[in-house]
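Scroll down for the structure; my scribbles are underneath it.
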Amino acid sequence: MTRKIYENAEVSCCYKYLMFSYNIIFWLFGAALIAAGLWAWSEKGVLQDLSVLTRVGGFDPVWVVLAAGVVMFVLGFAGCVGALRENLCLLKAFSTMVGLVFVVEVLVVVLVLVFQSQVLDWIQTFFMNNIRGYRDDIDLQNLIDSLQTSTWCCGAQSPEDWENNQYFSCNSTNPSRERCGVPFSCCIMDPAETVVNSQCGYDVRLKPKSDWPQLIHPRGCISALEAWLPGNLYTIAIVFTVISVLQMLGVYLARTLITDIYKVQINHHRNPVY
């Protein structure tokens, strides 16, 4: 019975080239992310002096870009070459790694839902550490500015958190012109202005707190995040679902190819061609 089922066994060209097309996109995108990350590091002099990484006070966003690039490049390579060469080892590695990534994503979502308060505390600590390193890394600086501008917030809990940065501290020994100020991304921008005033945050914290709402966003970014999440749960759920479906599609294509290859191998063993 088994022999009859596998008599005309062959690897499906449809699945084979779907698998290749599916992975070539991730392979190329992963290569682009790696190139972008290395370019960002070269601009900051990291490739010439790796010790620069140890002197960064906060988190370097380039690590995320490089990590994502490497994962996508490796998965894309395994999927592309595994499909074209009908290599069982690479196809199994691909399906296993994608499956593990999916499991990790689900675990992260579950942990975030179960330990919401602890996650918010961790985010606050993380944000505070990066406030201290705001001027140490241009990519970190741009990331924080983008966050504060897009969510209309300032600091982790309030604008006073910028006291923890040596350049914005009100310490009498601080020679910086930004002393007792906040970054420009904390400012309430005038829609009529076409040029960003990068000095709008100077000396703001020397003014009475009652004047702050007219000049800067008084809300902290943790509060902004807590307010943003409830209204965007459906969007987050849709994004997570789409990513999960794409991952499961990759696993399905890989497992289908593996099954076809096994059938062909069994058929060849039982009906050797001399």
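Every residue, even glycine, has its Cβ placed from backbone N, Cα and C.
Heads up, TrEMBL stuff is auto-annotated, nobody curated it.
Pulled from TrEMBL, these are the features on record:
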DISULFID  C153-C186  disulfide bond
DISULFID  C154-C170  disulfide bond
TRANSMEM  20-42  transmembrane segment
TRANSMEM  62-84  transmembrane segment
TRANSMEM  96-115  transmembrane segment
TRANSMEM  233-254  transmembrane segment
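Set side by side, the disulfide-bonded residues C170, C186 differ in how many other CB atoms lie within 10 angstroms of their CB, and the most is found at C186. C153 (disulfide bond) and C170 (disulfide bond) have their C-alpha atoms 20 Å apart, to the nearest angstrom.
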